[in-house]
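These come from TrEMBL:
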- 76-97: transmembrane segment (TRANSMEM)
- 109-129: transmembrane segment (TRANSMEM)
- 149-167: transmembrane segment (TRANSMEM)
- 235-255: transmembrane segment (TRANSMEM)
- 275-295: transmembrane segment (TRANSMEM)
- 316-336: transmembrane segment (TRANSMEM)
- 361-387: transmembrane segment (TRANSMEM)
- 399-423: transmembrane segment (TRANSMEM)
- 443-462: transmembrane segment (TRANSMEM)
Amino acid sequence: MDATADPLLPQPAAAVDHLGRPVSRLTSGSWPAAFFIIGVEISERFAYTGISGNLITYLTGPLGQSTASAAATINAWSGVALLLPLLGVAAVADSWLGRYRTVVCASLLYILGLGMLTLSSILATQLPAKFGDRMDSALYSTSTAHLPFFYISLYMVAFAQVFWLGTRTYRFYPVRSDGSLLGQIRKYLLSLIRTWHASWCGRSPDDTHCMPTSTSREAKDNAEMTCFPDEAKSVLKLFPIGATCLIYAVVFAQWMTLFTKQASTLDRWIGSLQIPAAALQSLISVSIVISIPIYDQILVPLARKYSKNPCGITPLQRIGTGLAISVILMVVAALVEMRRLRVAREYGLVDKPEATIPMSFWWVVPQFVLTGLADMFTVVGLQEFFYDQVPEDLRSMGLALYLSIFGAGSFGSSILVYAIDWVTSNGGDSWFSDNLNRGHLDYFYWLLAVLSVLGLAAFLYFSQVYIHKKKGISEQ
């Protein structure tokens with residue numbers, strides 16, 4: 001197929017090299033350029049996963065933050081990382097710096113941030129001895145001694161990013177000059193508000209008694225609504241579907257915080273080897289890697305026989321399946337936490353937060369595996385749905401919108417944790433007590449299970465009334 005027919009690829013005539021000279025498609029791009037891009041993405045994922053996996057232990061250990069504060073902080077950090085592509089970076093890349101310069105600048109900021117984190121971990125190992133910190137040295141001395149080396153290794157991984165080494169192989173295209181899509185959406189929403197206000201007053205939009213503005217301005221507003229780009233309208237249609245997935249995003253935010261903190265209290269020994277609590281997060285990736293071939297080779301052919309859909313199930317059906325799994329996930333997590341609290345009471349460990357609960361870490365394995373399964377259905381389904389339903393020349397914006405769901409969910413989780421901690425800490429132990437044996441993570445998990453049911457119900461409604469952009473995909 002001719003590459004120029006692909007809407008994702010700019011026109012060949014506009015392509016230049018890093019010096020601004022016309023470039024041949026035979027001597028640029030293709031797999032050599034892709035290898036450099038894949039390399040920088042692998043490095044970035046190593047760094048991000050390494051930080052997110054150990055941050056809850058670092059904040060509640062060497063830095064001495066409370067469980068609630070650490071969980072909220074991590075969720076806020078994750079939310080910022082996931083929302084920035086939509087709120088700022090995408091606009092900068094599309095309308096100002098271009099994608100290449102944006103990636104280079106972001107990589108430099110990444111390295112700077114990892115360097116500052118390394119410095120903070122080194123200082124954290126010195127402050128307790130200098131200022132007489134009362135933290136249990138047996139509990140934190142080993143981890144804090146290794147943290148600097150751990151983050152230095154992450155620093156080197158990020159520093160080894162080779163994106164700019166492939167500069168000679170890339171194709172460069174002019175940045176867009178037709179304005180930001182978010183700006184177009186803002187104008188459209190303002191026009192809608194003015195029209196709705198006029199309708200609420202019982203008059204036409206150009207009635208000067210209801211709306212004391214000039215006729216020319218009203219005509220302009222109506223023209224904006226009439227001539228508003230179809231691409232922005234199609235993006236707005238996706239918001240109800242995205243909004244119903246926010247609760248799932250809140251659930252998804254728990255694996256790097258409370259799930260890991262919960263696992264850190266259990267017996268994690270296998271023979272003479274102690275499994276780090278953060279290492280259990282790898283079960284999510286393992287379950288995804290195992291389940292994807294099963295889904296593609298077994299579930300899709302079976303579903304294809306009944307649905308007559310070449311893909312087996314539609315993206316919306318895949319998302320709904322993942323949302324249903326997330327309900328089961330939170331129920332399982334709540335039941336496991338109830339058992340953990342019961343074992344702590346039976347062995348008299350309620351007031352001994354540093355003690356290991358005589359309960360195997362295998363009990364929390366199902367909730368990590370279910371997280372991976374829910375991820376495989378919901379996250380991939382959202383990627384497919386947003387990529388397919390946005391206009392063809394705005395598919396990168398569709399992926400940014402998909403990421404923004406998880407960013408908003410992370411912020412929602414942060415707010416929810418802070419609010420519940422404030423309410424439940426009055427006159428008693430918080431649900432997120434620093435002593436998890438006196439906390440009630442099980443209550444929080446049950447709350448998320450109920451909210452997940454409500455989110456699933458809302459999703460089922462909006463998915464039924466959603467009209468697809470393309471005829472190739474239809475919903476029953």
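Glycine is no exception: its Cβ is also placed from the backbone N, Cα and C atoms.
TrEMBL labels come from automatic prediction, so no person has curated them.
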Original post:
Thinking of Cβ pairs under 8 Å, which stretch from 316-336, 361-387, 399-423, 443-462 has the most of them with the transmembrane segment (235-255)?
Top reply: 399-423
**OP:** Would you mind listing the long-range same-chain contacts of the transmembrane segment (399-423), meaning Cβ under 8 Å and 6+ residues beyond its ends?
**Re:** 68, 71-73, 75-76, 78-87, 90, 235, 238, 242, 245-250, 252-254, 382-383, 386-387, 390, 430-432, 444, 447
**OP:** Would you mind listing the long-range same-chain contacts of the transmembrane segment (443-462), meaning Cβ under 8 Å and 6+ residues beyond its ends?
**Re:** 240-241, 243-248, 250-251, 254, 258, 319-320, 323-324, 326-327, 330-331, 333-334, 337, 420, 431-432
